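Here TrEMBL flags 7-410 as domain 'Enolpyruvate transferase'. Here TrEMBL flags Lys22, Asn23 as phosphoenolpyruvate binding site. Look at TrEMBL and you will find Arg93, Arg122, Pro123, Val124, Asp125, Gln126, Asp309, Ile331 tagged as UDP-N-acetyl-alpha-D-glucosamine binding site. Sequence annotations record features per position, and here TrEMBL assigns active site, proton donor to Cys117. Annotation source TrEMBL lists 2-(S-cysteinyl)pyruvic acid O-phosphothioketal at Cys117.
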Amino acid sequence: MDKLLIRGGRKLRGEVLISGAKNAALPELCAALLTDRPVMLHNVPRLKDVATMLKLVHNMGVRAERDDNGTVRIDARSLEVPEAPYELVKTMRASVLALGPLLARFGRAKVSLPGGCAIGSRPVDQHIKGLQAMGAEIVVEHGYMVAGIGGGRKRLHGARITTDMVTVTGTENFLMAAALAEGETVLENAAQEPEIADLAEMLIAMGAKIEGHGTSRIRIQGVERLDGCTHQVVADRIEAGTFLCAVAAAGGEVFLKHGRADHLDAVIEKLREAGAQVEAVDGGIRVQSQGRLKAQSFRTTEYPGFPTDMQAQFMALNAIAEGTSTVTETIFENRFMHVDEMLRLGAKIQTDGKVAVIEGVRQLSGATVMATDLRASASLVIAGLVADGETLVDRIYHLDRGYDRMEGKLRGIGADIERVAGPAEVQP
Ligand SMILES: CC(=O)N[C@H]1[C@@H](OP(=O)(O)OP(=O)(O)OC[C@H]2O[C@@H](n3ccc(=O)[nH]c3=O)[C@H](O)[C@@H]2O)O[C@H](CO)[C@@H](O)[C@@H]1O
Ligand SMILES: C=C(OP(=O)(O)O)C(=O)O
């Protein structure tokens with residue numbers, strides 16, 4: 001099993017290229033299932049989750065090829081089996097995004113319930129409720145959502161859908177299903193994440209009629225068929241935010257090429273308050289940091305608030321900053337798994353339910369730590385970059401799910417980090 005070996009204490013300098021967003025590329029690969037025409041997606045990141053999604057669509061009989069420049073060509077004309085089996089779905093939450101498109105185009109779908117994930121229980125009740133409002137009949141049996149369309153109809157119909165909470169993949173499933181449904185769908189309480197707007201832009205390029213994406217009310221007029229399209233996946237704001245935190249913590253000056261500052265307002269504001277200099281410049285984001293930063297308290301909320309996907313990385317920064325901070329996680333009930341590992345590095349953190357109190361220490365000390373989920377892995381890498389001596393981050397398959405060649409990018413800006421295979425040990 002691969003691990004990352006980091007020798008801390010290096011400043012970061014230079015330029016790093018921000019890849020396409022995982023959380024946009026995954027729904028967009030599913031959106032390609034809505035049409036029998038070819039779809040070209042550019043700027044698709046090289047990630048394990050993308051590979052899993054490509055396997056999932058291959059398994060349905062879809063032709064999908066990617067080239068070395070990050071372009072994926074998908075042709076779902078040959079889709080024969082509108083099913084997503086457990087073996088593939090269990091490793092990736094986003095496979096639930098196959099449900100809406102398959103149901104809308106074929107009138108039937110069988111998608112495994114996504115497996116439990118380390119960050120919380122993550123039910124899909126809202127997805128099911130919303131699609132039922134559009135005329136779907138869905139039963140859950142033997143671990144699968146088995147879906148069809150009721151009343152002898154061939155197409156889903158429009159509906160007004162108000163979810164109990166804001167759900168990102170729920171909104172995406174409804175958007176894709178509504179694009180091919182009969183009549184108008186109105187999504188109230190819709191998620192406003194930039195990845196939703198990016199998906200909507202792709203659907204519009206395919207001929208969908210959508211208004212209000214990027215706001216909490218989205219209106220969709222269903223059309224009978226969608227065409228192919230060419231679309232560029234939006235830059236990954238969470239990858240950019242992770243590098244911002246890494247530079248802020250380690251010190252130095254880095255240009256994040258293609259980073260979108262306008263998608264990271266809440267994170268950038270906190271970084272500035274902490275004392276880092278962050279500015280939006282032509283074609284990216286420039287970040288500069290020196291000296292010890294000031295700890296910042298924050299709560300995670302839906303976009304445009306502070307993203308839960310940046311909570312762990314910012315906590316690594318708080319762990320070595322001056323002062324005591326409070327971090328409140330409001331989205332997932334079990335997203336402090338990195339805390340115990342940070343304690344092994346010498347951090348002082350106490351948790352009580354959704355709240356973590358972090359007392360900044362001057363120096364972390366390298367140790368062997370274990371990644372428990374995607375962003376927890378990233379936070380441990382940041383902690384390793386600033387820790388004294390060597391840090392070995394184990395179980396980085398979590399990291400590979402959602403970061404495009406992270407250690408290569410970090411090495412490119414001066415970090416001392418390498419991937420080691422097998423049972424490597426930290427040198428005493
Ligand atoms: C592939 C993808 O885009 N993943 C992102 C997406 O996950 P995902 O779309 O799974 O997260 P949601 O926005 O749906 O979850 C928000 C909250 O609603 C709850 N909920 C959601 C749906 C449902 O049917 N029932 C229910 O109770 C969840 O358990 C969670 O507490 O948004 C999360 C919140 O920004 C991010 O952390 C993930 O990176
Ligand atoms: C939680 C995340 O992803 P997923 O929803 O794919 O598990 C994430 O990207 O931080």
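Heads up, the Cβ atoms here are built off N, Cα and C, so glycines get one too.
Note that TrEMBL annotation is computational and uncurated.
For the domain 'Enolpyruvate transferase' (7-410), the model's pLDDT averages out at 96. On the backbone, the CA of Lys22 (phosphoenolpyruvate binding site) and the CA of Asp309 (UDP-N-acetyl-alpha-D-glucosamine binding site) stand 12 Å apart. Cβ packing within 10 Å was compared across the binding-site residues Asn23, Gln126, and the lowest neighbour count falls to Gln126. Comparing Arg122 (UDP-N-acetyl-alpha-D-glucosamine binding site) with Asn23 (phosphoenolpyruvate binding site), their Cα atoms are 16 Å apart once rounded. Of the recorded residues, Val124 (UDP-N-acetyl-alpha-D-glucosamine binding site) and Asn23 (phosphoenolpyruvate binding site) place their C-alpha atoms 17 Å from one another. Across the binding-site residues listed here (Lys22, Arg93, Arg122), the residue whose Cβ sits among the most other Cβ atoms within 10 Å is Lys22. The two recorded residues, Gln126 (UDP-N-acetyl-alpha-D-glucosamine binding site) and Asn23 (phosphoenolpyruvate binding site), show a Cα separation of 19 Å. The DSSP secondary structure for Lys22 (phosphoenolpyruvate binding site) is helix.
The DSSP secondary structure for Ile331 (UDP-N-acetyl-alpha-D-glucosamine binding site) is coil. When the neighbouring Cβ atoms lying within 10 Å are counted for each of the binding-site residues (Asp125, Asp309), the highest count belongs to Asp309.
Across the fold, the C-alpha of Arg93 (UDP-N-acetyl-alpha-D-glucosamine binding site) and the C-alpha of Asn23 (phosphoenolpyruvate binding site) stand 11 Å from each other.
Spacing of Asn23 (phosphoenolpyruvate binding site) relative to Ile331 (UDP-N-acetyl-alpha-D-glucosamine binding site) is 16 Å (Cα to Cα, whole number).
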